[in-house]
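K.L.:
Shown below is the structure under consideration.
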Ligand code: CP
């Protein structure tokens, strides 16, 4: 007789990659590859399941690709937007999540600013929660789609040199990528001006010239909205020192790829012509977000 183990809400949730094992991450990537190969657009895997997309911070890619993923799996989708909600009247994020849970949601996708709040909410609700980006802490599904994109191009992640360039301090993408890539034996380095370095992370900082010798050059957006003081004298000065220009692309290795989680500041951290260059994978990353999020939703709900 086989004993089916009931997976806990905690095991179905995805709050970050720091605490996930390599095996768990690999399972999600493998399942994403399965969904990537499906030609039937809508399946009934999540039929009769209700998923709430709760975005307390703006988003285009993450919000839309979660919605596409949910609809492709046949789920019922509730889109919650802060500006049209009672949050504007002072309702807390916790009360909003509990409200949607009480209406029968089976899972919640959530993006929010305050660091640490997601873990507290997850302790108190009974539906699985998926982190769609919390402050500068983690953005697990972005890093999963980044790993998926790298694995698809290089075949494996082990030994890959990934240089992450830009506003590391405010980047949840850099954190989730660092935590996940290290589990696969990838070599991660950062490149950033002094006032954009993250002192809580122990990856080595390299020069821009060294970063250009990586297998993956991942550019980050300068997140002006998260900086309390002025971070750069001018966008031209930032581009001159840290921007991925056509001249710098010419210095990269022939097999290397360019990534960026987007949105991009064209002609600041990355030049206009580079965004859609042959070696750029930026729009492919967005496309890969759908099968990756299908795998994460399936893990949460099936
Ligand atoms: N990469 C990313 O998280 O983009 P959005 O903010 O548009 O979701």
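Each residue, glycine too, has its Cβ placed from N, Cα and C.
Automated prediction, rather than curation, is the source of TrEMBL annotations.
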K.L.:
Same carbamoyl phosphate site as 61, 62, 139, 142, 262, 263 according to TrEMBL: which of 31, 111, 239, 281?
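P.N.:
Answer per TrEMBL: 111.
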K.L.:
For ligand 1, which among the binding-site residues 61, 111, 142, 172, 262 have a CB under 6 Å from it?
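P.N.:
If the test is a Cβ under 6 Å from any atom of ligand 1, the answer is 61, 142, 262.
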K.L.:
Any idea what the Cα distance is from residue 89 (L-aspartate binding site) over to residue 263 (carbamoyl phosphate binding site), rounded to a whole Å?
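P.N.:
That comes out at 30 Å between the alpha carbons.
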K.L.:
Does DSSP put residue 172 (L-aspartate binding site) in a helix, in a strand, or in coil?
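P.N.:
DSSP call for residue 172 (L-aspartate binding site): helix.
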K.L.:
Starting from the Cβ of residue 89 (L-aspartate binding site), draw a 10 Å sphere and report how many other Cβ atoms land inside it.
P.N.:
6
K.L.:
Compute the C-alpha separation of residue 262 (carbamoyl phosphate binding site) from residue 172 (L-aspartate binding site), stating it in Å without decimals.
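P.N.:
With distance taken Cα to Cα, residue 172 (L-aspartate binding site) is 13 Å from residue 262 (carbamoyl phosphate binding site).
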K.L.:
Pop the Cα-Cα gap between residue 172 (L-aspartate binding site) and residue 139 (carbamoyl phosphate binding site) into the table, whole Å please.
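P.N.:
On Cα coordinates alone, these residues lie 5 Å apart.
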